[in-house]
Amino acid sequence: MALQEELKQQGDFLFKYRSYIPILLIFIGLGVQVYQIKTYGDLESNTVGYWLQQLALSTGILGLLVRVFTVGYTPKNTSGRNAKEGQVADTLNTSGIYSLIRNPLYLGNYLMWVAVAMLTGNIWFVLLFTLGFWMFYERIIFAEETFLRRKFGEAYLNWASKTPIFLPKHFNYQKPSYSFSWKKVIKKEKNGLFALFLLFWIFQLLGDYVKTGELEVNPTWQAYGALATGVWYLIIKVIRKNTSLLNEEGR
């Protein structure tokens with residue numbers, strides 16, 4: 001098999017399971033956190049640890065906001081969590097944040113996941129995660145771009161030639177072609193904030209257990225955040241399943 005076909009095959013596979021594979025980060029990261037605490041002590045007990053947590057939380061929320069801004073301005077069957085169906089694109093997104101970078105959702109994903117990696121307090125793990133993330137998404141992006149090139153032809157090539165993959169090189173922002181849809185954001189991104197706070201809480205619980213030898217649920221901001229966003233997630237899930245309140249034509 002030629003390298004291009006092999007990369008595309010790998011990318012198609014990773015695309016379908018891209019929501020599950022990063023879960024490995026959680027288990028590896030938890031192991032790294034245990035090692036850090038046993039070797040270097042508790043980060044949370046000093047100022048550096050406190051500000052590291054705040055930086056991680058801010059990074060994760062920034063990633064979620066990037067996803068919200070991206071999804072809110074896009075039409076149906078683009079920029080979504082379409083893992084089961086494989087590659088789907090009824091139209092080519094080139095306006096809004098897509099006028100700055102080609103893969104804003106993956107930038108948002110990186111920021112959210114690297115925030116979790118930062119909770120370990122281990123810079124080497126963060127760097128290795130970043131390298132692994134790039135290798136993982138490089139193949140997904142290759143498969144996506146192969147699909148988009150075949151479907152949209154010259155229009156895609158013209159857009160791709162002047163728009164960077166991941167980080168903006170210019171700020172020639174073009175106004176989005178669609179109005180912002182909070183309904184689509186709530187429907188599609190309902191689990192992002194919950195997942196972020198839940199992971200922060202899991203890391204906090206494990207850290208406390210390693211330090212004290214007891215699993216205690218204390219009234220921390222991580223616990224309150226996970227509880228509040230978990231309730232929000234369940235409410236939206238029930239609304240979406242039993243009503244058409246979040247439905248919107250073409251979105």
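A Cβ is built for glycine as well, from the same backbone N, Cα and C atoms used for every other residue.
Keep in mind that TrEMBL annotations are predicted by a computer and have not been checked by a curator.
Per TrEMBL, the features are as follows:
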| type | residues | note |
| --- | --- | --- |
| TRANSMEM | 20-37 | transmembrane segment |
| TRANSMEM | 49-69 | transmembrane segment |
| TRANSMEM | 110-137 | transmembrane segment |
| TRANSMEM | 192-209 | transmembrane segment |
| TRANSMEM | 221-239 | transmembrane segment |
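A Cβ distance under 8 Å defines the sequence-distant neighbours of the transmembrane segment (221-239), meaning residues of its chain 6+ beyond its ends; these are 186-187, 190-191, 193-194, 196-198, 200-201, 203-204, 245-246. Long-range Cβ contacts of the transmembrane segment (20-37) within its own chain (Cβ-Cβ under 8 Å, at least 6 residues beyond either end) map to 14, 43, 109, 113, 116-117, 119-122, 125, 129, 136, 199, 202-203, 206-207, 210-211.
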